[in-house]
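Chemist: This is the feature table in TrEMBL:
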- 1-26: signal peptide (SIGNAL)
- 34-151: domain 'Plastocyanin-like' (DOMAIN)
- 161-304: domain 'Plastocyanin-like' (DOMAIN)
- 370-514: domain 'Plastocyanin-like' (DOMAIN)
- 570-592: transmembrane segment (TRANSMEM)
Amino acid sequence: MAMAASLGGFFLRLATLLCLFQFVQAKTVSYDWNVTWVNANPDGLMERKVIGINGEWPLPIVEVDKGDRLIVNVYNGLGDKDTSVHWHGMFQNGTNGMDGPSMVTQCPIPPGHSFTYNFTINQNGTYWYHCHTGNCYPDGHRQALIVHDKDAYFNEMYDKEYTITMSDWYHELIEDINWIRKANPTGAEPVPQAFLMNDMTSANISVKPGETYLLRLINVGAFVAQYFYIEDHTFKIVEVDGVYTDPTEASILYIAVAQRYTILVEAKNSTEKNYPIVMAADSQLLDTIPSDLQLNITSWLEYNAEAAHPQAVMTVDDVSNLDPIDDMTLVPHDRMELLTDPDVTIDVTVIMQNLGDGAGYAFLNNISYTMPKVPALYTVLSSGNYSTDATIYGEYTQPTVLKKNQVVEIILNNGDTGSHPFHLHGHNFQLVDRAPGYGEHFYDYLDGGPVAYDASNHGDFPQYPMRRDTFILPPQGYFVIRFVADNPGVWFFHCHIDWHLSQGLGMLLIEAPEQIQEQEQVSSQAYDNCRAKDIPFEGNAAANTKDWLDLTGQNKQVDWLPAGFTTKGIVALVFSCVSAFLGMASISMYGATGIESKKVETAAEGENSAARDG
């Protein structure tokens, strides 16, 4: 008995020492960032203003170890633009106020003001950071965030690692691209002018024969998904969105905006040849393809700097023939089993439609996300017993209140003909089901009509579903995801195509609000930023603190069109107006020409008459 007690005490002390050892190993990584405008010309076609940090662009890659505390002091030196920083993929357990999306978890950082992001990272893998205030990160405010893990199962399987970002690139400032307007009733997304790899048009990866390389791939773009492959090479996927996978061989990846893959590439034994690393834009996402837009970017797996650097064999017309691996077939290395018997199901449908101003907007269950007057987290913190009533968060944030540790299922149906990569803040989620394709490939959706999820008629769910934080909703299809509401916070669920988010394709999950009130603390600095912007930090979505259920004055979406109008009707109306203007112009020109001709004829007759009289 005494020996058992002694052994119990020994193991308790040992566990305590191990925890202390891990704590001692952790460190604090600090940055001071002055966010300003700088000039850059990454595609060699046009110099433009971009958002830099400490006078430099591309931005710094943030690298930490699992368990580290990250402190980033952000000063907004832009002068004419608000900002904030979202740490994409970070769960922010207990630090919801550090998540970054403006009017969700904080007020934006005004010019001349600061905000300190301070949180501990108990995750591992490949992430990124980006601005989350309006349409700002396509102006260059995005970069990789890497969390190294000394216990990663593949640490002994590679010799060196590289980080590769891929993105679309626009020559205009995003705020100058006026695209949500009556003249664009179909909501056609702006087409980029270029595509970049590591913020360049070419980024070589130097390798040595026989060695193995870990490549971290991140799509930091605003719109266009990318195919990725290395000619005459296969690779093994070992991580997706921060979740380790069983090593899975593949040759082609399809990476939507915000998604990440980590792969192992084994170099060949010869140095006679260099091999193209190909990034090919998914041209099916583009409504128009300008003749001067280069859809493919070629870099090289460089074995020999003196050898030739051949162009990729494929042409732009071959992209539809590429056959990427299906991410639903991947298996998480930790073998987390399928979450069964959801406690709550959220069933929403995506549509794209016009509102009363004639412009195109995006909707979840006929609601186009519109920011509240008070950041939703601050509504939680100031609402007391009302925090569990979804009404107070506003009609146009489409809030769902969740209880702690509920198993949550989201069914997302797509009434649109385009795909949408949806991202959930604060969690990763299980990929439970997705609409089947209509062709020989899992991604062939364009030939069929809209198909909604039928809970009574579906295929077998995976035993060990893959998890990630950004998943592609297929055109006219659906997906089903599940997660446990074990992370109290206000979490944004939205399409990560930045154009679609600006159209309103998002909603809020208010997770365990009573626990948020117990654990969340907001700095005086955060409230000062609200005061500087004259943004209330107490009250419901309408900033009402007297009657929490009174939403009079809340921000609303644009009114709906009068009954009977459709998108096609709007298009017809716009083109009718254009035709009318052209017609009036033609009539005016014709009339003016006729009047001028008559004047000439009259003058000629007068001259002839005068000649006869003479």
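Glycine is no exception: its Cβ is also placed from the backbone N, Cα and C atoms.
Let's see these features in context: how buried, what's close, how far.
Modeler: For the domain 'Plastocyanin-like' (161-304), the predicted model reports an average pLDDT of 96.
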Chemist: Which residue counts does DSSP yield for the domain 'Plastocyanin-like' (370-514) in the helix, strand and coil classes, in that order?
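Modeler: Here the numbers are 26 helix, 48 strand, 71 coil.
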Chemist: In the domain 'Plastocyanin-like' (161-304), how many residues does DSSP put in helix, strand and coil?
Modeler: 6 helix, 67 strand, 71 coil
